Amino acid sequence: MASDRPSTYTGPALFSRGFRPFFLLSALFAAAAIPAWLAIWTGRLALAGPFGPVDWHIHEMLFGYTSAVVAGFLFTAIPNWTGRMPRQGLPLALLAGLWIAGRFAVAGAFGANPLLVLVLDAGFLLAVTAMALVEIAAGRNWKNLMVVVPVGIYLLANVIFHLE
């Protein structure tokens, strides 16, 4: 397959392929969320974010954990569909950082400002959608352009969850 980008990447291996940071983060989050949820449910840990305990749990399973898995899948599949080199390095690191910031924001680490929480959390899915669109269009892989529609709907569902 042809590539528009150089195939040599000298940065951290974690950011050499799209699935690496997001599958790792989703696994770590799942492992951390279970004891956190138990502590929240039993009243030993309080959330300072905009959601109550049950809503936090629902949100983080639907839009926290799952969004990292979706990103990992997309950033693995799209290079295979387009024949282009995958996103690497700083763009992946920044996107992973945005996902992490969203998790902290939803838990209340930055205060309970609902707008800030929404921007940090939904910003991740917006960035994933935009990056997917750019890569599919650059690879002229029009048949897979429709994959961004469910991701856009998923983003909209996340925004609606925040606005409820």
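Yeah, the Cβs are placed from backbone N, Cα and C, and that goes for glycine too.
The feature transmembrane segment is assigned by TrEMBL to 21-41, 61-78, 90-110, 116-138, 145-163.
Residues 50, 59, 62-63, 67, 70, 74, 77, 114, 117-118, 121-122, 125-126, 128-129, 132-133, 136-137 of the same chain, all 6+ positions outside the transmembrane segment (145-163), place their C-beta atoms under 8 angstroms from a C-beta of that stretch. Most Cβ pairs under 8 Å to the transmembrane segment (116-138), among the stretches 21-41, 61-78, 90-110, belong to 90-110. Long-range contacts of the transmembrane segment (61-78) within the same chain: residues 17-23, 25-26, 29-30, 33, 84, 86-87, 92, 95, 99, 102-103, 106, 121, 124-125, 128, 131-132, 135-136, 139, 141, 144, 147, 151, 154, 157-158, 161, each at least 6 residues beyond the stretch ends and with a Cβ under 8 Å from a Cβ of the stretch.
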